[in-house]
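Per TrEMBL, these features apply:
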type: ACT_SITE; residues: Lys123; note: active site, N6-AMP-lysine intermediate
type: BINDING; residues: Asp32, Ala33, Glu34, Tyr35, Asp36, Ser81, Leu82, Glu121, Arg144, Glu181, Lys297, Lys321; note: NAD(+) binding site
type: BINDING; residues: Cys415, Cys418, Cys451; note: Zn(2+) binding site
type: DOMAIN; residues: 702-772; note: domain 'BRCT'
Amino acid sequence: MTAAKNRILELRAELDQHNYRYHVLDEPSIPDAEYDRLFNELKALEAANPELITSDSPTQRVGSAALSAFTQVRHEVPMLSLGNAFEETDMREFDRRVTEGLDLPAGDLFGGGATVEYSCEPKLDGLAVSLLYQDGVLVRGATRGDGTTGEDISVNVRTVRNIPLKLHGTGWPATLEVRGEVFMSKAGFERLNATQLEVGGKTFANPRNAAAGSLRQLDSKITANRPLEFCCYGIGQVSADIADTHIGNLQQLKAWGMPISHELKLAQGIAECLDYYRDIGERRNALPYEIDGVVFKVNSIASQRELGFRAREPRWAIAHKFPAMEELTELLDVEFQVGRTGAVTPVARLKPVKVAGVTVANATLHNMDEVARLGLMIGDTVIIRRAGDVIPQVVQVVMERRPENARPVQIPEKCPVCGSHVERTQLIKRSKGRETVSEGAVYRCVGRLACGAQLKQAIIHFVSRRAMDIEGLGEKSVEQLVDEGLVSSPADLYALTFEQIVDLEGFAELSSKNLLGAIEDSKKPGLARFIYALGIPDVGEETAKVLARSLGSLERVQQALPQVLTYLPDVGLEVAHEIHSFFEDAHNQQVIADLLRHGLQIQDQGELAAEFAASTTLGGFLDKLHIPSVGPGGAQKLADKFGSLQAVISADWLDMRQALPEKQANSVREFFALEENRQLAEAAEKQLADFGMHWQSEKKVVEGLPLAGQTWVLTGSLELMSRDVAKDKLESLGAKVAGSVSAKTHCVVAGPGAGSKLTKANELGLKVLDEEAFVVFLKEHGVPV
Ligand code: IVH
């Protein structure tokens, strides 16, 4: 055997072992990164030695060429379905039939009687699959079909990560058919739908449909990219018996590498089965996958044989169902709600229906694109889904039931609250040097704070804990303040008097004083908090922090041009436009001026951040202009050659050709020949200069910082400042702050409770500072603490 072959076999065995620990035992023994390394090593070795690739290699779960149809497969042992129980009495009746069927003494009103041993397992909501192993190797996978004939989906099942391509250990029957459910976890389903929405693909109504649609793909390469999982719940055709009990069978299968349910339990008698049903029912929402009930099976295989079958159902098993999460109802109307940023959102008014025990009469429809995607009309019969704690959703229209008088859903032209005009938002994209505008999914009322709905929401947001943190002002009180005309902008809060508040419902002397105190106490917000409190559309806490940290002053944030804003981490062109137009709006300017007039003093203002200054290089700037056919490389060449925007704009043809090939050179000249492009670029450059940026200082700024090029890690809890603040301070000195410790880490700041990161830092012999030493260090470097 060659060395390559040896290593390949070794790697496969190791990867199989890790797969087993990960998927079956749930006890991964190596980090994902290490697994990936082994996997890639195997892939590389196989690529170099294709003759050594075998179909059971873990690298072969990638799907094969698309099929034109599935071939049919006959199930030697039919794949049956289960009888259903909905009520406790159905379950007691089932137990009585089992007890009688086995000739065991029945109990009476006072109990007594024999107890039957049952296995209990969740009823996964996916689709039944049969896996055939010959001499321990997976040779065929099939769907249930009508129970007698299914479809051959071998290539598809091979892509499901936790289905063993080869059984572990020894002693398996030469022919072994494993049965179980292929399903999609809740998280996998959410991820898949999010991706499908992004790429404009079909979304799925629920995890079950997603699993079915993914597994029954003629192109198994698609299946390979879907987050499918398998859970084994029994056996079909076998050349030799395995164990005496159902649970014994499953445990043996687990030892051979089959994933089985973590919730598998043994119950003595029906009472314990009912306990199990209740327990799983309570934990249903918290389980990572959807279940529609639990399954009880007589545990003894001999008893199962004695009981046998009735029609297409075993007499020894039953499904005890949970309330359904999907129901049909009628869409009575669609109303429109106005949110904080003016977004006008369609809400479905439904004929009340009980879904999983809760009456549902409303469901959000998100936006008009969603209405269009569903093809929804008023009067339609729709499928409503309420998964766990999730808000009820309309997942599908039952087209066959559309009445003749069904009406289309129309976005109102005027805001239902204030009567202002409703406008469709626009999406701004930049390509080939131009901004192109397309229609967005969201409609907005242009009334801003003149719209009662927006004003109330804006104030609720403004006073919230993570914004201005004004305690004692709940939603009801805000509504009163607005409805009474006492407050028509956030700034008015600072003009409220004791007499005005004390008359409001729910307020007394003390609470009014407390509220006025809280309002007074909120007058010194940090810059990030203040920006967040303004409620700029699309600007959450993170973006607010980025704006504050990078630009350093309210004035700069207010003035920043969209082109300049896109320099900030995670700020795209659309958000940049939102921010810019928010501050351009005269009404918003007035609110900010009023707030300052009422004595608001914004803290933490100062210089432009060094890392922002350093991120604005001329090359990067020219690249951001998106000059057609000029990529980052070309932009850098222009910067190297000309050194300033003006020099690029006024360059003559010969000079330009020295920097770039003809096509690109032409493109640059054409670009700047357009007045509009030139103005935009000049304005942005001028603003960067006003902010204190100079191309000459490129890189030098960060390079000149004391911690430039260093990576620091924060771990444990800090008492004198939050981790975020510590991070900001380090970054202001030019350091990068990373989440994990490696040999490249320069220093670790460890507070109380530090764990594995600190251990690792000590193992690697890295420099470690406690909080006290860290504070001293910061002070030494001129950073206030
Ligand atoms: S046992 C003879 N166990 O429910 C027994 N089925 O109507 C056959 N299912 O199509 C099935 N979880 O796909 C069994 N733990 C479980 C199950 C389960 C889900 C599905 C199965 C079948 C249907 C039965």
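Residue 1 is the first one shown; counting continues down the chain.
Every residue, even glycine, has its Cβ placed from backbone N, Cα and C.
In TrEMBL, annotation is done automatically, which means it is predicted and not curated.
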For Asp32 (NAD(+) binding site), the spatially nearest of the recorded positions Lys123, Cys415, Cys418, Cys451, using Cα atoms, is Lys123
Taking a cut-off of under 6 Å between Cβ and any atom of ligand 1, tell me which of the binding-site residues Asp36, Leu82, Cys415, Cys418 pass.
Leu82
Hey, of the binding-site residues listed (Leu82, Cys415, Cys418, Cys451), which one tops the CB count within 10 A?
Cys415
Quick one: Cα separation, Cys415 (Zn(2+) binding site) versus the residue listed as 'active site, N6-AMP-lysine intermediate', in Å?
47
Extent of the NAD(+) binding site in Å [max Cα distance among Asp32, Ala33, Glu34, Tyr35, Asp36, Ser81, Leu82, Glu121, Arg144, Glu181, Lys297, Lys321]
43
Students should find that the Cα atoms of Cys451 (Zn(2+) binding site) and Lys123 (active site, N6-AMP-lysine intermediate) sit apart, in Å rounded to an integer, by 50
Can you tell me the three-state DSSP label for Arg144 (NAD(+) binding site)?
coil
Shell of the Zn(2+) site beyond Cys415, Cys418, Cys451, same chain only (C-beta within 8 angstroms of their C-beta centre):
Val338, Gly342, Pro416, Val417, Gly419, Ser420, Cys445, Gly447, Ala450, Gly452, Ala453, Gln454
The domain 'BRCT' (702-772) [mean pLDDT, rounded to integer]
84
Across every protein chain in view, the count of C-beta atoms other than its own within 10 A of the C-beta of Asp32 (NAD(+) binding site) is 10
I'd like the number of other C-beta atoms within 10 A of the C-beta of Glu34 (NAD(+) binding site), please.
12
With helix taken as DSSP H, G or I, strand as E or B and everything else coil, how many residues of the domain 'BRCT' (702-772) land in each class?
22 helix, 15 strand, 34 coil
Whole-number Å only: compute the distance from the Cα of Glu34 (NAD(+) binding site) to the Cα of Cys418 (Zn(2+) binding site).
59
Separation of alpha carbons, Lys123 (active site, N6-AMP-lysine intermediate) and Asp36 (NAD(+) binding site) (Å):
33
Among Leu82, Lys123, Arg144, Lys297, these being the recorded positions, pick the one whose CA is nearest to that of Cys418 (Zn(2+) binding site).
Lys123
